[in-house]
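Okay, so here's the structure we're looking at.
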Amino acid sequence: KEGYLMDHEGCKLSCFIRPSGYCGRECAIKKGSSGYCAWPACYCYGLPNWVKVWERATNRCGKK
């Protein structure tokens, strides 16, 4: 599975002002194989199916 990691509000995990390697570490924490900053958000590869990733159809970012 691949996709954009989400923060606690359902938004894409920002990497806009993060140090180099931030997204790779965040993806590894979620058991992903790799990841990078697809400016301005973290994109991961090889994620297990239990990890929730951002999807346009189910986007809840900024909504209450």
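Placement of Cβ uses the backbone N, Cα and C atoms for every residue, glycine included.
Here is what Swiss-Prot says about this protein:
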type	residues	note
DISULFID	Cys11-Cys61	disulfide bond
DISULFID	Cys15-Cys37	disulfide bond
DISULFID	Cys23-Cys42	disulfide bond
DISULFID	Cys27-Cys44	disulfide bond
DOMAIN	1-62	domain 'LCN-type CS-alpha/beta'
MOD_RES	Cys61	cysteine amide
Densest Cβ neighbourhood among Cys23, Cys42, Cys61 (disulfide-bonded residues), 10 Å radius: Cys42
Cβ neighbour count within 10 Å of Cys27 (disulfide bond): 24
Rounded distance in angstrom between the Cα atoms of Cys27 (disulfide bond) and Cys42 (disulfide bond): 8
Winner by Cβ contact number (other Cβ atoms within 10 Å) across the disulfide-bonded residues Cys11, Cys15, Cys37, Cys44: Cys44
Cα-proximity to Cys15 (disulfide bond), 10 Å cut-off, over disulfide-bonded residues Cys23, Cys42, Cys44, Cys61: Cys23, Cys42
Secondary structure at Cys27 (disulfide bond), reduced by DSSP to three states: helix
Secondary structure tally of the domain 'LCN-type CS-alpha/beta' (1-62) (DSSP, helix then strand then coil): 11 helix, 17 strand, 34 coil
Cys44 (disulfide bond) as reference: those disulfide-bonded residues from Cys23, Cys37, Cys61 with C-alpha within 10 Å of it: Cys23, Cys37
